[in-house]
Each structure stands twice: as structure tokens, then as C-alpha cells.
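Visitor: Take this structure first; my questions come after.
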Amino acid sequence: MMNRFRKWLYKPKRSDPQLLAQFYYADEELNQVAAELDSLDGRKDPQRCTLLVNQFRSCQDNVLNIINQIMEECIAHERANRDFCVKFPEEIRHDNLAGQLWFGAECLAAGSIIMNREIESMAMRPLAKDLTRSLEEVRNLIRDQALRDLNIYTEKMKESLRHFDVLFAEFELSYVSAMVPVKSPKEYYVQQEVIVLFCETVERALKLGYLTQDMIDDYEPALMFTIPRLAIVCGLVVYAEGPLNLERKPEDMSELFRPFHTLLRKIRDLLQTLTEDELHTLERNLCISQDVEFPANADPEVPSAISPVLVTALPTEEPPMAKAENTEVELACSMQYDEQELEQLNMMVHRVGDEMSSLLSPPSVYQSPAHRANTSNEASPCRRALDNLTDEEDRVFFMEDLDGSGEVLARSRPSETTISWVNNSCYNAKQPALYQDSVLQNGDLADVVSVKDGQRDISNNNNIDGSKMLAASASLQNSCSCLEAPESQLYLNGWDTNGEDAETAEIIAHRTGGMKISATVIFNPKSLTNSPETSPNLASNRIPSSSDPLTSNEEDESHKLSIAATNCLINSCVCCGSCEDTREDSLEGLRNVPSSGKVINASYSLIKSKELGHLDRSDCTVSAKELLKMDSPTVLLAEKETTRQEQPYPNSSKCLPLNSGSQVEMDSESDEPLTASRDQLRSESNRQETGNKERPSEEVEEPPSDRASADNITSSSSSQDGLRDSALSSISSSDYESVSVTTCSLSSIDSLSSCSSDDIDQEEIQLALQAAKIASRQKIRSRFHSSNDLIHRLFVCISGVADQLQTNYASDLRSILKTLFEVMATKQETDDKGKQKKANQGLRSAALEDCALCQETITSSELAAKARDGEFEDPPDWVPDEVCSLCTACKAPFTVIRRKHHCRSCGKIFCSRCSSHSAPLPRYGQMKPVRVCTHCYMFHVTPFYSDRAGM
């Protein structure tokens, strides 16, 4: 009864602007809607139910907004911390978020659960109950105070508001975190790095003329697309150590670019092959919002991205089919399937690792999907090139791991390319003998490096045609001429190249002081696998003969022994004859392998030429003759089997199964030093070589004297005792197939210091690596018809990634661009405040000189005082419609669509665009927002502008 009397006596007026009065009526409206909603059967009238629910939530928003204003007024300095709100996505940070939270809290308190969030719902239910209970208490206290005194906030009400504010902030964080992903501090730090990258990109674009400052100041809409595109290029090339550093783990990258990690790696590899002019052209094209048309039939010659310093060291590779007339091949890289290109790029996942770890790891034997085995028996390089281009048309383009990094993929080649050359086409008699007789038959070197059990045989030369076989025989007989048949195919780093590139390997080998095999491995780290046509021959060659007691169970051990023995031979050559002890230890370990038969690789002609070449070195203290003598029994037996099986070509080197009685017996127990002079060793080597060539095809056994001599020679101690513990001398039999020649070559650099005149400098090793890198880049560029084709591919891929950011990460991208514009927009000079004030006053007077309200001397504070006292002015007279045919502000003519609107503040006529604001006009008694023009809204309605301008 007392409450009714007080309500009747002290009930506030609806027009009262005080917060407690406004809350009273807002809460009354909420209670009415809630009561009607409770009494309504939603199944009978669903439309009415939906309407009431929306009205109920709107009333909740209104009540919470007024409570928030009351808290800002009475406990302004005691509010709960809400810094976590910056973590929320922009799309949920709106005015009615509080009402949604209240509605969610009531649902959870009533026992409901959030869909697919059962655990979070159970955890938040106690907090939701506390929040609804506290909110009900706050509402009762504020209603009671509104019926007592509208100007006083009691301590009890303040304490209740503090408790409610803390609970509401805690529930807001929990509820929003359960509904939407909230960034962690680490993710915010990464996003700040992305913002810095975008700012650096815009600053660079301004310097290079891609963008203008006016575009930034005017918030040009096209920049929403241009800036992310340019940022991808800068993040991959210019600022490679920034947030787009692909050497990081994907989980450490920004979530914007994390899904595109693989595609960005491919884009980076292509960007690194561009010249400065090409990069400039690409960035220019990326600044254009629409698609750019690239000429399809441009100059087929792709400009080289090689620095001028290395152009002479590595000649530019000419496209093998530059003059092809096949129009289908010309359209292989057609630009009509850009979307398909992007999808295929996303599917190409190839791991890319460290550069040196690739060079020091054994090559893989698996075929690359970019080089499938051809099924054609045609030996023409033109046909082979056409097939390769046809494959490229299917897969658009496939980027190899740049710099030889990552997982090294094996290559599958046709049978006609089973001979490859790595020697100089123009032999110079003054050059060391290292340059002689370096033929690699059937990928001799590469296949020795990595051989998988049961996948291929190293010694298959049955498919070599006559011209190639004659050339191979000439090479084995110390011929210095290169294979000039048109069917010959050269391999550099596993790719099709010309003879000049092979010459480069020789040059680098010569500069590095006898590391020709190492240089060759660097250029050719990928194994050459045989084509399907040669598989039957391989299978037949692997079957032991009737006189050979080898069984199928012993073939694995035989292959391991072959690999290890050949690696030891190559090791002795690469290390300039200073690793004899290492090779002795390796062969001693090989004797203990439990196998009744061995397979020894007969790459004797290659190793022999290398070792004889070392005899010409003036300062080497260790002769290579001992290496020849130690290896001679094995090699001679292998050559005997070679001459017996291939009568037409007696000089062909092969890797064949040996009889079980032919064991490798190397006795290294003697410690007598080597006393023979260099001339004697050279003459003995020549006799040994002559004897090998003239040996008949019948069974040959080693004389005891030769074996004794070999035992004495191999027992000599080397000055490099540290190499006894090298990788090749300590590996087990199960690890033989993973031994890498490159490991031996690089780990033996220290041993080369024994040759004082040919010390290998670190710069020359870097030169070899850089040359290999350049060859790799040239191979990537050779897959594109022209420079424009390459630029177009990059344009498509980069634009695709940047445009997907607009769709998948719109909120984050808007936040980044918003910060970007705030940072990069032109700042007003604040150094001279007097000049700025005068400029503002001049601008104000110039802008308002034709307005009657601007001529008044009364200030906004005086107008506010009059409004509080109830002294209202008469509204201005409206301009008649018939006397005005143009908008007062923009001078646009009025039409049926463009209607006339009067400003309630000045009475003039404007179009809808120039009078789109609403504001209360208390000086005229208008407490509700009414239509005003832009001029009045800026200069007369908004008090802070009027006061500041009048200072």
C-alpha cells in the first residue's frame, strides 16, 4: 500500500531527462513485454511470439544501456576492467551485445545449453545464475530510488552496481570466448607484426610510386585489395625475416597466412627468380584491381635472373624447343585456367628444408611427380621435350625445391639417356689429368650414391645404341672428345642441360682443387632411375648365372657392399689421395660382412683417371698409385666379367655379380711406409692401365706378387689420422645404402690442406653452391614460355591468396587496414599552434559566412542554459519548396527520385545525402532527434565543435 502511494506521489515524468527517470520507464516497458510474453502461447501464434521476443530483447538492451550510463556517472572510477574486449571480433562488438549477453545468461540459468558447447555451458551456468540474481537486485534498487529522489545515488545502490559490473564483465568474457575464437597474446603479437609489414609495404609503395598519399588519405576502396597483394610480395622477398618468414613453423605464422603456407612457399621460389624489372612489373600489375591481360605469345626467351658476376661462370641455358612449330606445345602454358592453376598449386606439397642439410643428405630414389617416366622408345630429344611440355600442360607448372633444398626427388629418364657426361668438351693438354675420362655410365655416380634394394641395377647398358656405345668406348680409352650424337642427353642437377653447363662443373671442380666428384654431386644430387622399358633387362641382369652361387637372399648384402666399396673409391679420389687410411678401414669392415658373394661397381675408368690426375700435382705428399693397386683385384675381376658378357664393346664398365670365390681380400696389417718415387708410381700406373686394357676374356687371377705389393701399399699410414673416424669408415652394413658422396666430399675439406698449392678456399665452395642455385633457378624459369607468362602466374597466385583474405579473415583484415590508415594518413602539423588556430578560424569563417546562425554571437553554453530554463526560441522559417530547385549544399537538381528535405535547424532545403543527420534541438524545444543538414549538424548542433571553434 505504501509502495502504491509513493508510486502515485513521486512517480517521475516520462519527459524527465534524468537517468533514474529514464530507467523507471524503460524497466516498466520491459516488465510489460515480459508479462505479455509469459501469457502467450507461442504454438498458437508464432508470429506474435517472435515479435514479442524481439521487443523483449530490445527492451533489455535499453535497460542495460541506462544502467551502464548510471554506472558511468556514479562509479566511473570503479568500473571493472574490460580490456579483453579488444580481443573480440569486430562483427560482435556492437551496441546490443549487452542485451544478447543478458538473454544468454537467463537461458543458461534456466537450464538451457549452447549448441555444441555443452562443457562451456555447464561451466558458465553458476556464473549466469549469479549474474541474473545480481541484475534483478540492481533493477529493484534503481526503481526504488527513482520513486524517492532522482538526484541521489545511495551507497547500497553503488555497491550493488559494482558487484553487478564485475559479474557482467566476467560473464561477457566467458560467453564470447565460448562462442567465437578469441586471440591469445601471442596471436596478437603476430598480428602486430603483420600490421608493421603492411605499413612498411605502403611506405615502400609510396617511395616507388605504386600508391599516392591522396589514395591513403581518401581511403581509396581499391587499397583493400592492393595493399594485401603488395604485402605478400614484400613479406616473401623484401622483408623475408618478417611475419611471412616461411622458415618458421606453420603454427608460428599469422592465422591469416597459415592456410596458404605451401602455396606461399611456391610463390616465394618463383619470386626469387625474378629480376628487378620483372619484380617492378609484377608489383605494378598487382596495384590494378581488375585482371591484367598478358600477351600470350611474347618473346620466348625468359630473361635471366642471374647476377652479372656469375653469368660467365654459368652460361644461360637455351630452351631446347625454342623453335618448335607445334601450336599445342605453344599453348601448353595457356592462361585460360587460372582458377585451376591455383587449385593445383594448393595440392602441390613438397617439403623444403635447409640448403646444406640437403647437400649433406643422401638423395632419394623416389620419382618426382614432375618427371614421370616416358613410355616412348623414340631417342630424339625433340620428342622427349615435347612429352615433357605435354606433362607441364597437364599440371600447369611444378616448382622444384629451390637451391637444392628439401627432399631430393629422383628423376625418371628414358632408356636412351643412360649415358651422361661431365667432362670438358674441349680438352686442354695443360690441364691436370683430373679432366680426363670422366664418363658416368647409366648415372654411374648418382646411382652409386643412393640405391634402394630391388628398385634398379646400377649396371644396365643393354639399351645403349651403337653411336653412344662407341663414344663410351672412346672415352674409356682416354679420349677427350665429348659425345656429339644428337641423341645424347646431359644431366646437370638432374635436369636436361647442354654441354656448357657440364663444362661449368669441370671448371668448378678445377677451381676447388680436385673436388670434381664433389662438384658433380652438387650439380647432380638426384639419382637417375631407369625407364620402364629397361626394367626387363634390369631384371635379367640381376639374375645370377648358373656358375654363380649367389642366392636371392644375398643380393641385399651384395648391393650394400657395392655401394660402400664404390663410395670408398670415390672418397679416396675426392680427398686428393689423403684418405687412404679411411678407405682401408672401410674395406676392412666390408670383409666382415657375412655374404658369400659381392657386387663391386666397376667405375674403374672414372676413378683411375681421377687418381692419375693427382700424380701431376706438384705438392701432394701422398700418391694415388697405392689406391689403384689396392683396388686392382676387384676392378680387374669386374672388367673380366664385363668383357665376357659384352663382346662387341669390350671397354664398357659394368657392375656385375662375381663368383663366390672372388672375395675382396685387403690385408692392411703391414706398417711399412711407401718408399717408391712419384715417377716410379706413374710408370707402374701406366703399366697397370695397359694391362687392364689388354687382358683377355678368359678367367684371370691375381699374381701373388701383385697382392703382396697391394698389401704393402695399402698398409702405409696417412698424415691425416683424423679421417679414420669418418662417416664412411664407421658405418654399419645396414647403413651402406644411405652413404652420400657429398658427405665425404664436404667432410674431407680439411684433408685438402695437405696440398699447400691447392688449398680449397671457402669462397670457391660458396661459388659452387651458388652456381648450383643459379642452375636450379634457371630450371624453374625454363618451365615458362616467357617472362610475361611467369609474371602472370605470380599475379594469379598472389591475387588469389590476397582476395581469399577478404573472405576468410574479413574482420582481422579490416582491423589491420584500419590501423594502417590511422598510421599512414597525413597528420596535421601541431608544431605551431597559433598558425593552426588561425587556419581553423579562417576555415570556419569561410565555411559559415552565408549562414544566419553563424552570424549569431550567442554561444552553445548560453543556449543550453536557456533550454534548461524553458526559454525556447521559435524555429526558423522554412524556405518554400517552389523557390528552390537545387540542393543548397551540393547544388544537385531535385528529381522524382531526389526529394527535397527541410533542415529543422536552419530551414533550408537539402537533398537526402546532405541532410542525413538527426539531432535534438533543445533551443527550439525539440527534445527528440529531428532531421538536420550536415552544416548545422557540424557547426550548430554539436556543442563541442561550436565551443572549440569559438575559442
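Cβ coordinates are placed from backbone N, Cα and C, and glycine is handled just like the others.
Summarising the annotation, Swiss-Prot assigns Zn(2+) 1 binding site to CYS887, CYS890, CYS911, CYS914 and lists sequence analysis as the type of evidence. Positions annotated as Zn(2+) 2 binding site by Swiss-Prot: CYS903, CYS906, CYS933, CYS936. As annotated by Swiss-Prot, compositional bias 'Polar residues' applies to 360-379, 527-552, 645-665. Feature annotation from Swiss-Prot assigns compositional bias 'Basic and acidic residues' to 679-709. Annotation comment: Swiss-Prot describes 881-941 as zinc finger, evidence class sequence analysis.
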Visitor: Between the binding-site residues CYS903, CYS906, CYS914, CYS933, where is the Cβ count within 10 Å the lowest?
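Guide: Per-residue Cβ counts within 10 Å for the binding-site residues CYS903, CYS906, CYS914, CYS933 bottom out at CYS914.
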Visitor: Cβ within 8 angstroms of the Cβ centroid of CYS887, CYS890, CYS911, CYS914: which residues besides those meet this for the Zn(2+) 1 site?
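Guide: What remains near the Cβ centre is THR888, ALA889, LYS891, ALA892, PHE910, SER912, ARG913, SER915.
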Visitor: Have a look at the binding-site residues CYS903, CYS906, CYS933, CYS936 and say which one has the shortest Cα distance to CYS890 (Zn(2+) 1 binding site).
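Guide: Nearest candidate: CYS933.
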Visitor: Report the mean pLDDT of the predicted model across the zinc finger (881-941), rounded to a whole number.
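Guide: Reported value for the zinc finger (881-941) is a mean pLDDT of 86.
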Visitor: Reduce the DSSP letter at CYS911 (Zn(2+) 1 binding site) to three states and note it down.
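Guide: It is coil.
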Visitor: Could you check the binding-site residues CYS887, CYS890, CYS911, CYS936 and say which one's CB has the fewest neighbouring CB atoms inside 10 Å?
Guide: CYS890
Visitor: Where CYS933 (Zn(2+) 2 binding site) and CYS887 (Zn(2+) 1 binding site) are concerned, what is their Cα separation in Å, rounded?
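Guide: About 11 Å separates the two Cα atoms.
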Visitor: Going by Cα-Cα distance, pick out whichever of the binding-site residues CYS903, CYS906, CYS936 is nearest to CYS887 (Zn(2+) 1 binding site).
Guide: CYS903
Visitor: In whole Å, how far does the CA atom of CYS911 (Zn(2+) 1 binding site) lie from that of CYS936 (Zn(2+) 2 binding site)?
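Guide: Here the two Cα atoms are 14 Å apart.
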Visitor: Can you tell me how far the Cα of CYS936 (Zn(2+) 2 binding site) sits from the Cα of CYS914 (Zn(2+) 1 binding site), in Å?
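Guide: For CYS936 (Zn(2+) 2 binding site) versus CYS914 (Zn(2+) 1 binding site), the Cα atoms are 10 Å apart.
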Visitor: Between CYS906 (Zn(2+) 2 binding site) and CYS914 (Zn(2+) 1 binding site), find the distance joining the two CA atoms and give it rounded to the nearest Å.
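Guide: Answer for this pair: 13 Å between alpha carbons.
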Visitor: Can you name every residue in this chain, apart from CYS903, CYS906, CYS933, CYS936, with its Cβ inside 8 Å of the center of the Cβ atoms of the recorded Zn(2+) 2 site?
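Guide: Other same-chain residues with Cβ inside the cutoff are ARG904, SER905, GLY907, LYS908, PHE910, SER915, VAL932, THR934, HIS935, TYR937, HIS940.
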